[in-house]
Amino acid sequence: MEHFESPAVTSLILVYFRRDYHWKRPSRRAVLTLAYQSLGIVYGDLSTSPLYVYKTTFSGKLSLHENDEEVFGVLSFIFWTLTLIPLFKYIYFVLSADDNGEGGTFALYSLLCRHARLCILPNQQASDEELSAYDVEGTSETWPSSMLKDFFTQHPRFRNGLLVVVLLGTCMTIGDGVLTPTISVLSAVSGISVKATNLHENYIVAISCAILVVLFSLQHHGTHRVGFIFAPIVTAWLLCISGIGVYNIIRWNPSVFHALSPVYMFRFLKSTGFEGWMSLGGVVLCITGSETMFGNLGHFSPLSIKIAFTFLVYPCLILAYMGEAAFLSKHHEDIQRSFYKAIPEAVFWPVFIVATLAAVVGSQAVISATFSLISQCCALSCFPHVKVIHTSSKIYGQIYIPEVNWILMCLCLAVTIGLRDTNMIGHAYGLAVTIVIFVTTCLMSLVILIVWKQKLIMALMFLVLFGSVELLYISASFIKIPEGGWIPLVLSMIIMSVMYIWNYGTLRKHEHDLENKVSVHRILELGPTLGMVRVPGIGLIYADLVTGVPAIFGHFATNLPAFHQVLVFICVKSVPVPYVSEEERFLIGRIGPKEFRIFRCIVRYGYKDLQHENNDFENVLVSKIMAFVEMEEQILAQNWHSCSNQESDAELVDFPFLVRTNQAHAKHLSSCSDIHVMKPYENHQQINGPLIRDETLEILRAKESGVVYILGHSYAKAKKSSSLIKKLAIDVVFAFLSKNCRGPDVILSVPNSLLLEVGMVYYV
């Protein structure tokens, strides 16, 4: 095979180091390669902000005050906002709060869940804390961290409130997936009107819609197919705008450097008053895409992102904004078309083409991030299950969700056609961006106290310094709600309603399963009657329980009083870590005596893992069970102390263990599970390797006879005494979502011939 090295391969290697938790410090060359690659993935949105910042800022009554004081004041706000939020806050603080190399809102929430036990996910076990990624070691507790932990423990409502805050930030980020492509593409295409002054607005909208349709239609091919051209496009764009900025500074107003003084901000607010404060909703657009630096941390290294922003993105953006301000100081009449008007005639069309391509690149990054967020919400039971397609067999985590893709496209087209004005879209965009950034600030303050265990004054300084700036922009953006700011609020309310109703319905289902489960002690009391009829094969019974026997088993036994030769109760659950390695994914235990041949398997996934991605799940499961049987005595001896802490002796047989096998043993068991012709073997026969027990041979014969999936098909109904709102939410909304989302059989790719569904109704 031909050997080669590329940025994508380098990134892939680093990602897999993180997933396997064997991080190796990359070389300087690798860091620089990642820094270059991050330009196309991370900074596409942030670098296209100059297309619409000044235009949106001066879209209101502030346009009546177009003189050097106002222009310089806006430039001063832009400079210090870019310096405080992306440079100081994200580069020097937030990027340090990674969760095993992963970033984003869920990463901060995951850190808090582990260190303060805030997680409200069901089925959490003490054994989950033994995961490699579940690292809560650190400095000794401080009184602020202890106080906060006790507060959240004593007040469960505030734990739920924290989840709502996280979901709010998530919903606003998803809203960015609608607004970013719209404002970026429409702003880039509107540059045609500078040269074609007679071109009707409808044509600009039509061209923008056509580009958006093409953009979303190409999503199923995956980012990796065109990703290699992203970095050159953004690099060319940054060099173009910085070069044009230097040209405009020299030609029109070299004294524009004076605006970097914060004094101009106070002069601006003093001279413009309420109108100047309202215009800050446009200024905040200069930091759109800042959250992407943290959200995409898992695909790069913190050092590479810091290098790319500090040494290229930040200075290029500052020069671009300064150059446009220098041009505006001499051309007040071109305020609404200042970006394209400031481009020299000789390079106008090349810059226009690069601007359009850069807008598409920035949109692509946000769309891909939306797919990733939806997938994470599904893993946390906060969103209905949707179809997730892997777009790359080499790069882990690149996914495509058809339903979400087409919904985003329709919403983008609706906003583009309905508003037609980048100023109104900018008002909506600014509100969404500021809320997301403020949510990160709040979560980061808790991380400083609970995770980093710093002094209270440190967290307060961080919250006051950055939170006050962000609240200033949020207040200015709220004034623009009637002028387009209502769009992200409506979208977020709809998405949050769906998330809350789905989460509420699934949690009530889990509570119903817990209340109606059959204890292991009851199974032991049944004794010999349990094996009334045992048919050949393996029965995989899926349930959301980590202990006890699910109620669907009783329903199944009532309607079909026969059990398979081998029964496996499988629970697929999420844990508050980004990834779970393959070695730690399966917990295997036994239910009842050995002659029952009943096992429990708990399959654990992180919030960034792609669930059910293994097409060879049956063979992997059988291999794990065989490994458990072969090493059962050794495993029980090693874990006897943990078992002795259980509440009753009856539960000892329902305590799943992590099964670790060396490479040779795992390969041997895997080869055994592929045997197609089984013959009678005597006790402790040998098959090309270690000794094989009778029980292992019986499992192999059962596997050869066939595997049947037994799934519970639950229907939720509101109680008769429930309120009208609850009945509407459960009987209408949740029922509609349950009926139209992907069921467990589709997610598991179960053939209909191997599927048995047991219907159940539960009241909430």
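Backbone N, Cα and C atoms are what each Cβ position is placed from, and that goes for glycine too.
Same-chain residues lying 6+ beyond the ends of the transmembrane segment (34-54) with a Cβ under 8 Å from its Cβ atoms: 7-8, 10-11, 14, 26, 74, 78, 86, 180, 183-184, 187-188, 223, 227, 229-235, 237-238, 241, 282-283, 285-290, 292-293, 296, 299-301, 304-305, 307-309, 312-313, 316-317, 320-321, 324-325, 328, 335, 338-339, 355, 358-359, 361-366, 422, 426. Look at TrEMBL and you will find 34-54 (among others) tagged as transmembrane segment.
According to TrEMBL, the domain 'K+ potassium transporter integral membrane' annotation covers 34-525.
Beyond the transmembrane segment (74-95), the same-chain residues lying 6 or more positions past its ends with a Cβ under 8 Å from any Cβ of the stretch are 46, 53-54, 57-58, 103, 256, 259-265, 268, 279-280, 283-284, 286-287, 290-291, 293-294, 297, 302, 305-306, 309-310, 314, 317-318, 321-322, 325, 437, 440-441, 444, 462, 465-466, 469-470, 473. Summarising the annotation, TrEMBL assigns transmembrane segment to 74-95 (among others).
Residues 45, 52, 105-106, 109, 112, 118, 120, 152, 208, 212, 215, 288-289, 291, 295, 362-363, 366-367, 369-370, 373-374, 377, 382, 408, 411-412, 415-416, 422, 425-426, 428-429, 432-433, 435-436, 439-440, 442-443, 487-488, 491-492, 495-496, 499-500 of the same chain lie 6 or more positions beyond the ends of the transmembrane segment (162-183) yet place their CB under 8 Å from a CB of it. Per TrEMBL, the feature transmembrane segment maps to 162-183 (among others).
Among the features that TrEMBL reports, transmembrane segment is placed at 203-219 (among others).
Residues 6-8, 36-41, 43-44, 47-48, 50, 218, 256-257, 312-313, 315-317, 319-324, 326-327, 342-344, 347, 350-351, 354-355, 357-358, 361, 364 of the same chain lie 6 or more positions beyond the ends of the transmembrane segment (226-250) yet place their CB under 8 Å from a CB of it. What TrEMBL lists as transmembrane segment is 226-250 (among others).
The transmembrane segment annotation in TrEMBL covers 276-295 (among others).
Per TrEMBL, the feature transmembrane segment maps to 307-327 (among others).
Marked as transmembrane segment by TrEMBL: 347-374 (among others).
Residues or ranges marked as transmembrane segment in TrEMBL: 395-417 (among others).
Long-range contacts of the transmembrane segment (429-452) within its own chain (CB-CB distance under 8 A, at least 6 residues past either end) are made by residues 56, 85, 89, 93-94, 97, 105, 108-109, 111-112, 115-116, 138, 142, 144-145, 148-149, 165-166, 168-169, 172-173, 175-176, 179-180, 183, 281-282, 284-285, 287-288, 290-291, 294, 458-460, 462-463, 466-467, 470-471, 473-474, 476-478, 480-481, 485, 488-489, 492. Look at TrEMBL and you will find 429-452 (among others) tagged as transmembrane segment.
Residues of the same chain lying 6 or more positions beyond the ends of the transmembrane segment (459-479) and with a Cβ under 8 Å from any Cβ of it are 81, 84-85, 89, 93, 144, 277-281, 283-284, 427, 430-431, 434-435, 437-438, 441-442, 444-446, 448-449, 485. The transmembrane segment feature in TrEMBL is assigned to 459-479 (among others).
Counting residues 6+ beyond its ends, the transmembrane segment (485-502) has Cβ neighbours under 8 Å at 164, 167-168, 171-172, 174-175, 178-179, 281, 377, 381-384, 411, 415, 425, 427-432, 435, 477-479, 729-730, 733-734, 737 in the same chain. Sequence annotations record features per position, and here TrEMBL assigns transmembrane segment to 485-502 (among others).
Within the model, the domain 'K+ potassium transporter C-terminal' (536-762) carries an average pLDDT of 75. For 536-762, the entry in TrEMBL reads domain 'K+ potassium transporter C-terminal'.
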